Amino acid sequence: MLQTLYDYFWWERLWLPVNLTWADLEDKDGRVYAKASDLYITLPLALLFLVIRYFFELYVATPLAALLNVKEKTRLRAPPNATLEHFYQTSGKQPKQVEVDLLSRQSGLSGRQVERWFRRRRNQDRPSLLKKFREASWRFTYYLIAFVAGMAVTVDKPWFYDLRKVWEGYPIQSIIPSQYWYYMIELSFYWSLLFSIASDVKRKDFKEQIIHHVATIILLCFSWFANYVRAGTLIMALHDASDYLLESAKMFNYAGWKNTCNNLFIVFAIVFIITRLVIMPFWILHCTMIYPLELYPAFFGYYFFNFMMAVLQMLHIFWAYFILRMAHKFITGKLIEDERSDREETESSEGEETAAGAGAKSRLLANGHPILNNNHPKND
C-alpha cells in the first residue's frame, strides 16, 4: 500500500505537463535538473540556522542593543499565589468579573488585588524589549543578505526582464549552482522560522504567520519538484525586497529612534505595496497563470502552484490592510501605536503605580510608536 501511495504521489501527471516524464529531467550531457532528493539538505541546514542565530543574537545583536541604548522596562512581578496561578494556567489569563469575585474569596485577596496580580502575571509572560530587538536584528541581517543574493541570482537572467522566458523550454530547464544554493538556503531559513515559532515573539497574527510559513515551504518544495525554479527565484527575490526594511524599522523602534523608525516604516509600506500588491499579482501571478497555458494544457501542478500563490496573495492583502490603515493614521497624526500590538499593561490608571513603577512607565511610553513585523507583517 505504501508503495502504491508513493507511486501515485510521484505520478508524472500530477507534476508535469502531458507527454513528459521524470526521465526527461534526468541529468545528462552536463545539464543538471532539480530533484526531490536535493531538498534533504534543507533540514540539517535549518538546524544550522538555529545555531547560527543563537550565536548571532548572543555576540552580535546583544552588544548592538547595548550600543543603541536599548533599555529594559522594570517589571513588577506577581507574588506567588497557587490559587491564582492555577487559574491562570488552566482557565485563562483575563478572568471575567464574576471569576475575579470567586478568586477573591478563594485567595483571601480583594478584587482589586486579584486584577493587579493578573496584570502583573500577564506582563511577566510578555517578551522583553531585548528579545524583540535580537529577533529583529537576526531577521534584518538575513533578509538583507537574502535580498542582495536574490538580485545577484536573478538580475542577469533574461527572464528577469521578459517573463515569457520563465517558461521557455519548460520543464527541460537545467539549473545552475547559484539557483541551487539560493533555493536551499531560503527553504532552510523558512524551516528554521517554523521550528522556532513557538519560542519567538508571539504576535496577534500568529495563525497567519504559521499559514505563511507553511504555504511558503510548500511552494518552494513543489516549485523545486516540478522545476518551477525560474519562477520561484523571482518570487523569493520579490518577497525579500521589503522584509529587511521592516525589521530595521523595528530595531530603531526598540532603540527609541522615533524619527528613523517612522521614516523606515513609510519606505517599507511603499515598497510592500509596490511589490506585493502591484508586481506580484499583475506581473508574477499573470506569468504563472497565463503564460504556461500558451505552451501546455493545464495540469494538476499548474492548479496547485497557483492555488498556493493565491493563498500568499490573500495574506499580502490581509497585511496590506493594516499597513495602509496605520499609514493613514500616521500621516493624519492620529496614530499613537500599532492597533494590533500586544501592549504592556500599566497600573497607573487605578492609582497603584509606585514611584519606581511610574519611572518604569515613563520609559515604556517612550517606546510607544508604530511598527509591524516580518516575512509577512506582524505586530509587536
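FYI, residue positions are counted from 1 along the chain as it appears here.
A Cβ is built for glycine as well, from the same backbone N, Cα and C atoms used for every other residue.
It should be emphasised that the depicted structure is a prediction, and the values quoted were computed from it without experimental measurement.
Listed in Swiss-Prot:
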COMPBIAS  344-353  compositional bias 'Acidic residues'
DOMAIN    131-332  domain 'TLC'
MOD_RES   Ser341  phosphoserine
MOD_RES   Ser348  phosphoserine
MOD_RES   Ser349  phosphoserine
REGION    340-380  region 'Disordered'
MOTIF     291-300  motif 'Last loop motif'
TOPO_DOM  1-40  topological domain 'Lumenal'
TOPO_DOM  325-380  topological domain 'Cytoplasmic'
TRANSMEM  41-61  transmembrane segment
TRANSMEM  140-160  transmembrane segment
TRANSMEM  175-195  transmembrane segment
TRANSMEM  209-229  transmembrane segment
TRANSMEM  264-284  transmembrane segment
TRANSMEM  304-324  transmembrane segment
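Counting Cβ pairs under 8 Å to the transmembrane segment (264-284), the top-ranked stretch among 140-160, 175-195, 304-324 is 304-324. Within its own chain, the transmembrane segment (41-61) is flanked in space by residues 133-135, 137-138, 141, 184-185, 187-189, 191-192, 195-196, which lie at least six positions past its ends and keep a Cβ under 8 Å from the stretch. Residues of the same chain lying 6 or more positions beyond the ends of the transmembrane segment (140-160) and with a Cβ under 8 Å from any Cβ of it are 56, 60, 166, 168, 178-179, 182, 185-186, 189, 230, 233-234, 236-237, 240-241, 243-244, 247-248, 250-251, 375.
Across the motif 'Last loop motif' (291-300), the DSSP tally of helix, strand and coil residues reads 5 helix, 0 strand, 5 coil.
Proximity of distant same-chain residues to the topological domain 'Lumenal' (1-40), defined by a Cβ-Cβ separation under 8 Å and at least 6 residues beyond the stretch ends, is recorded for 170-175, 180, 184, 187, 221, 224-227, 229, 295-297, 299-301.
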